[in-house]
Amino acid sequence: VITRPEMEIGRYHWMYRSSRPHRYHHVPALRGNISPLGIQGCFECCIKCLGGVPYASLVATILCFSGVALFCGCGHVALTGTVTILEQHFSTTASDHALLSEVIQLMQYVIYGIASFFFLYGIILLAEGFYTTSAVKELHGEFKTTACGRCISGMFVFLTYVLGVAWLGVFGFSAVPVFMFYNIWSTCEVIKSLQTNVTVPGDQICVDIRQYGIIPWNAVPGKACGPILENICNTNEFYMSYHLFIVACAGAGATVIALIHFLMILSSNWAYLKDASKMQAYQDIKAKEEQELQDIQSRSKEQLNSYT
């Protein structure tokens, strides 16, 4: 004869056993080089490693390194050539361009700092990309995202945004010397085209550097006209500086694109980490409820054994 307590316990077991969700247990990977089919597992291992590489962050890092390298390297050499051109052709007195020389030297030191900072910052952002990729790939494993990791990701988003705005200004500033050298080069081309025209002498066509504000108005000679200006355009310093400033401007533009790319990646990663933290909280609550259910079942079994 089945007593009433035994019927209640049986009904309780039937209800909770049917309502428990199915649990998927993680199957551990086979150690060594043998796959489940008996084939060498080197290919599977390589695919697994390649699947954890943040390719978007890797492309942005390469683009950022390339842009910063072009801007810093070409900008440094172009500034040195610009000082040489000014000293030899537009400002023969050292005191007239002393302030400009100090500013250019300071800018060269700033270039050193920019190169060092972005080398470290690019590596940090690439490491953050690996961290977030691991967080997404191992969401259902033992990996746990922390509040500190989410705060660091949010800080990188803000810092990258600020750097992107700053590099927009750098990109605009790097276009100024390109514009100046282009004006000088176009003026030289006009002088060459007028050599066959006797009615318009080339000596009347001049370029006055003082109007750009880089040297004072009392600088001697301050301007170059006719054949003298044409000879300046034919020098190696002018040719190299002009093209290096163009490459430096292109490098600054590439850095801006890389930072925008980084900003999109970091924003996406931060959203992934936020969703991962919610999923972890849900799994913790679910595991706690399952543990409580197991405790209730064990107590019910003990009560059933005591009745029998």
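Indices start at 1 and increase along the chain as displayed.
Every residue, even glycine, has its Cβ placed from backbone N, Cα and C.
Keep in mind it's a predicted model, so treat the numbers as computed, not measured.
Features as listed in TrEMBL:
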COILED    279-306  coiled coil
TRANSMEM  58-86  transmembrane segment
TRANSMEM  106-131  transmembrane segment
TRANSMEM  152-176  transmembrane segment
TRANSMEM  244-266  transmembrane segment
Stretch of maximal Cβ-Cβ contact with the transmembrane segment (58-86) [cut-off: under 8 Å; candidates 106-131, 152-176, 244-266]:
244-266
As a test of reading the model: what is the averaged pLDDT for the coiled coil (279-306)?
75
